[in-house]
Amino acid sequence: KREAEANRTPEQQIYDPYKYVETVFVVDKAMVTKYNGDLDKIKTRMYEAANNMNEMYRYMFFRVVMVGLIIWTEEDKITVKPDVDYTLNAFAEWRKTYLLAEKKHDNAQLITGIDFRGSIIGYAYIGSMCHPKRSVGIIQDYSPINLVLAVIMAHEMGHNLGIHHDDGYCYCGGYPCIMGPSISPEPSKFFSNCSYIQCWDFIMNHNPECIDNEPLGTDIISPPLCGNELLEA
């Protein structure tokens with residue numbers, strides 16, 4: 001990651017419009033049970049989610065790349081509960097204490113097969129990108145549709161990037177928007193005008209430096225996706 005940054009001239013570093021989120025996906029034991037121990041199926045689902053997230057964030061001038069995939073095949077490293085406040089805090093503490101020491105990354109997402117309490121399907125801290133503890137989200141894998149999982153993950157990462165839920169004045173070309181307060185039956189791949197403004201306001205005001213540097217191609221573990229030069233590097 002640092003080498004890739006060093007290989008660019010100062011002018012390239014200044015004028016590169018993109019931010020880069022290096023993400024680790026963590027899959028819990030309930031997911032392993034849900035997919036009958038089929039780790040290849042789980043990996044493929046996670047790779048597709050990462051690639052879909054990257055496509056969604058391109059319009060925000062972001063690249064989202066998977067630099068780590070951890071599957072808790074034997075036992076969970078934290079207690080995953082339906083209580084989202086408890087689980088989010090537990091995952092954040094584990095990320096700060098253990099995961100950061102094992103793998104350099106900017107953001108971590110826990111994907112679980114348990115059913116969160118109430119109607120919640122995702123939960124994250126707001127405005128926390130690059131924080132050593134709070135740059136995390138938790139996601140319930142409730143739908144068999146791969147795109148739905150990616151939309152929820154993009155939504156929760158959006159909260160990490162300082163984006164709040166859309167209101168009636170936000171739009172994204174007539175489609176349902178990613179940061180809507182609830183997921184639509186036909187989930188969209190687009191962020192709203194409000195999301196764009198809030199995200200870049202957060203970046204300008206808080207300067208989360210961990211997303212400034214372009215990762216090395218060798219750090220990216222998700223398979224190439226046609227038309228995406230970063231993933232094919």
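Note: Cβ is positioned from N, Cα and C throughout, glycine not excepted.
Not measured: the values here are computed from a predicted model.
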* To do: Return the single candidate from Cys130, Cys170, Cys226 listed in Swiss-Prot as disulfide-linked to Cys194.
  => Cys170
* Residue from Asp106, Asp141 that Swiss-Prot also lists as binding Ca(2+) 1 with Glu22, Cys210, Asn213 -> Asp106
* **Per Swiss-Prot, cysteine bonded by disulfide to Cys177 (from Cys172, Cys199)** => Cys172
* Asn7, Asn193 - the residue Swiss-Prot records as N-linked glycosylation site -> Asn193
* To do: Give the distance between the Cα atoms of Asn213 (Ca(2+) 1 binding site) and Cys170 (disulfide bond), rounded to the nearest whole Å.
  => 30
* To do: Starting from the Cβ centroid of His155, His159, His165, the recorded Zn(2+) site, name every other residue in that chain with its Cβ within 8 Å, sequence order please.
  => Gly122, Ala124, Glu156, Gly158, Ile163, His164, Ile178, Met179, Pro181
* Asked: Whole-number Å distance between the CA of Asp106 (Ca(2+) 1 binding site) and the CA of Cys177 (disulfide bond)?
  -> 25
* Asked: Taking each of the binding-site residues His155, His159 in turn and counting other Cβ atoms within 10 Å of its Cβ, which one has the fewest?
  -> His159
* Asked: Could you give the Cα-Cα distance between Glu22 (Ca(2+) 1 binding site) and Cys194 (disulfide bond), in whole Å?
  -> 24
* To do: Work out the three-state DSSP category of His155 (Zn(2+) binding site).
  => helix
